[in-house]
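Notes follow once the structure below has been shown.
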Amino acid sequence: MISFYCLYLVLGLSSGFASVGALSSALVTGNFILWEAGHLPKLVVLAMIGFIVAGLILSYRGRWWSGAALFALGMGINILNNHVQMSYYAFLLISPLVISYAIYYLRKGDWKSFLIPSGSLAAITVLALLASANSILPTYEYAKQTMRGGHILKEVSNPNASGADVNESGLQWDYAMNWSNGMIDLISGIIPGAAGGGSSEPLGKDAAVIKDLRKKGYNPPKNMKAPLYWGALPFTSGPYYFGAAMCFLFVLGLFIVRGPLKWWVAIAVLLGLLLSMGRHFEFLNKLMFDYFPLYSKFRAPSSVLAVTSYFVPILAMLALVEISKKEMTMESFKKKLIYSVSITGGICLFFILLGSSFFSFESANDASYVKNGFSPEALISDRQSLMTSDSIRSLVIILLVAGIVFYYFKNKFSSLVAACLLGAITLFDLGGVAKRYVSYDDFVSKLKKENNQKARPVDLEIMKDPSNYRVLDLTVNTFNSAEPSFFHKNVGGYHPAKLQRYQDIIDRHIDPEINQLTSSLQTSTTDSSINNALASLEVLNMLNTKYFILGQPGKEISLPNRAAFGNAWFVNTIQTVQTPDEEIQALNNPNLKQTAIVASLFQSDIKSTQFDAQGTISLISSTPNKLVYESNSATDQFAVFSEVWYGPDLGWTASIDGKETPLIRANYVLRSCNVPSGKHQIVLEFKPRSYHLGTTLSMICSLLLIGFMGFVGYKEWFGKKG
């Protein structure tokens, strides 16, 4: 709220109207959906838009010192929170403002007033980037190794697998555009229930779904929710609702506001809406996807509305600035007010009168909802009711706001009274919808929160094992749940940008081995047959999968796997391959415990060895960035470590008795190295140069930014006192 309150003061609003604008920015539904999902860094990135825009406007209006300081504050915190996609969208929608000022000063023939602030703000942007170099540089390095960095393999074994959803420089079009808004989703910006709200929408007492369930003999819970969403997205937590009040004032602003700010906001909002449509507005989005830097690395285009939500109130507040000036004639103002009511109110009226008959209200997921006991007729009835009731709600709000600004323009009450009335309506409008998705019931005691992370009996049983093991939990969504990782080192788990090599292993080997195990357990009747089935899981065994968690939620059991290879082992044979495709294909070898698969590019690092069956290598200490092993063998050996490869030259180093030795990639996704005969200590340590360089740059540039803002604050304070 503070950053946007500051922005609205810069735009010339009174403190009262600035508070209304700040309130509207704070209460947009998208904020609460992100908050409920735990996306706090994303929220901080979005909140800084106010400071960034305020700084830009002040700088281009000639108040460079104050503008640059605000810009530095906003840009520094925005980049610090390291949500590249939201920052990218924000800068994309802010860029028309810079272009607007460039055109404005070009027409005046005053390039100096544009170039000097632009150069200074560009320098501050570079400083802000470098101030976060300790996170940006490692993230940049990491991104190139992930699903967002492109394919490693030439052949895709399964086009439907997650690893197939990348191209040479980023994600595949279909995967990236999966969360694309349809037109009905955009209408949710002014009518929150137009597309059914969310996939878990609160129901009223008289909802058709509740009546239907009671008729079937069920006892629905008090605060029941149902899958009323029927828009173009696969599912959603809720709509990006801008507010009927803000949408009306935004449209009014299109008629009464003049100057570059109006065109900037109008273009930014239009661009945000079109980008959010993804594959449903392919002409623009395919162009962006194919030619704009980084754009192909982002998925879920609908999330751009989280940024757009902040831009709608800006033009709405600029409309209040124009109304406050009282420079228009009453006749001109009434005409533009009627136009605005006709457009926004007309949309609501259409959905009130014709919405129920114009749309099918069917969802692509309805078949699965029916299996869960929902009646499709009841769902459609509640979707229709929600659209109609929310359309009436938005229409009433629009008429109330129109009445307030009309009588304010006629001097029937002061700006403070107008601000209080608009603030109350905004609180009701946005707050009422936000409460549907974050309510008092969503807040729990600290004790209850801790119980959510309580170990299950099966976890406690496995945790008795003091060794360094991994677990594969088949009772959860294995590669979309991180819950097992709270208690164990996990073969599965979720990350939106997995290492591409690991995703390839999942698609080519882990998934097939899971299916193989599941099938074997259904037919195996003896311990011997189960052990044979486990021993055949070569890739899971090389990942040291010592325990499988099986069963149903609440009735989990552990299946120990004695065939797991352990933390490290010596191999008898080294098989050299030429390409990544050959490398991953060779993992079909039936004895990976004896054979290491190594790419030819590491051939010069491999030394001659003679396998010692009596040789030993074991892990003696383990931290996330340092692993210490002890080895003992009569002859030189080649050791494979059950640790995921991240390299080369990205930070992981190997040393034997303090002397560095080359790390070699083995088995497509693991680490390995040569080990001399005798007893030795082997250390694998993560010391990324990018992080250490970034830390130095961050410290220097952070001090420069803080010093600059402090200097401006000192200058402004004592300048006013003087």
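Each residue, glycine too, has its Cβ placed from N, Cα and C.
Just so you know, TrEMBL annotations are computer predictions that nobody has curated.
These numbers come from a predicted model, not from an experiment.
Annotation source TrEMBL lists transmembrane segment at 40-57 (among others). Long-range contacts of the transmembrane segment (40-57) within the same chain, counting only residues at least 6 positions beyond its ends with a Cβ under 8 Å from a Cβ of the stretch, are 2-7, 10-11, 25, 31, 34, 67-75, 77-78, 81-83, 86-87, 90, 94, 97-98, 121, 261, 306-307, 310, 314.
Annotated transmembrane segment per TrEMBL: 64-80 (among others), in sequence order.
Sequence annotations record features per position, and here TrEMBL assigns transmembrane segment to 86-106 (among others). Sequence-remote contacts of a segment are chain residues at least 6 beyond its ends whose Cβ falls under 8 Å from one of its Cβ atoms, and for the transmembrane segment (86-106) they are 42, 45-46, 49, 52-53, 56-57, 60, 78-79, 113-114, 118, 260-261, 263-264, 267-268, 271-272, 275, 294-295, 298, 303-304, 306-308, 311.
Sequence annotations record features per position, and here TrEMBL assigns transmembrane segment to 113-137 (among others). Same-chain neighbours of the transmembrane segment (113-137): 55-56, 59-60, 62, 64, 67-68, 71-72, 75-76, 78-80, 82, 98, 101-102, 105-106, 690-691, 693-695, 697-698, 700-702, 704-705, 708, counting only residues six or more beyond its ends whose CB sits under 8 Å from a CB of the stretch.
What TrEMBL records for 238-256 (among others) is transmembrane segment.
Annotation comment: TrEMBL describes 263-281 (among others) as transmembrane segment.
According to TrEMBL, the transmembrane segment annotation covers 301-321 (among others). Taking Cβ pairs closer than 8 Å, the transmembrane segment (301-321) reaches residues 4, 7-8, 11-13, 17-18, 20-21, 24-25, 28-31, 34, 42, 46, 49-50, 53, 85-86, 89-90, 93, 176-177, 179-181, 185, 189, 233, 236, 240, 242-243, 245-250, 252-254, 256-257, 261-262, 265-266, 268-269, 272-273, 275-278, 285, 405, 422 in its own chain, all 6 or more past its ends.
Feature annotation from TrEMBL assigns transmembrane segment to 337-359 (among others).
What TrEMBL lists as transmembrane segment is 391-409 (among others).
According to TrEMBL, the transmembrane segment annotation covers 416-434 (among others).
What TrEMBL records for 691-714 (among others) is transmembrane segment.
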Does the transmembrane segment (337-359) reach the transmembrane segment (238-256), going by 3 or more CB pairs under 8 Å (6 or more apart in sequence)?
yes
Same chain, outside the transmembrane segment (238-256) by at least 6, Cβ under 8 Å from its Cβ: which residues?
24, 27-30, 32-33, 185, 188-195, 197-198, 201, 262, 265-266, 269, 302, 305-306, 308-309, 312-313, 315-320, 322-323, 328, 333, 336-337, 339-341, 343-345, 348, 393-395, 397-398, 401-402, 405, 422, 425-426, 429-430, 433, 436-437
In the same chain, which residue numbers or ranges, 6 or more beyond the ends of the transmembrane segment (263-281), come under 8 angstroms Cβ to Cβ?
89, 92-94, 96-97, 99-100, 173-174, 176-177, 179-183, 185-186, 189, 232, 250, 253-254, 288, 301-305, 307-308, 311-312, 314-315, 318
The transmembrane segment (64-80): which same-chain residues, six or more beyond its ends, come within Cβ distance under 8 Å?
3, 6, 44-45, 48-58, 87, 90, 116-117, 120-121, 124-125, 127-129, 131-132, 135-136, 702, 705, 708-709, 712-713, 715-716
Cβ contacts under 8 Å made by the transmembrane segment (691-714) with residues that lie 6+ beyond its boundaries:
65-66, 68-69, 72-73, 76, 124, 127-128, 130-138, 651
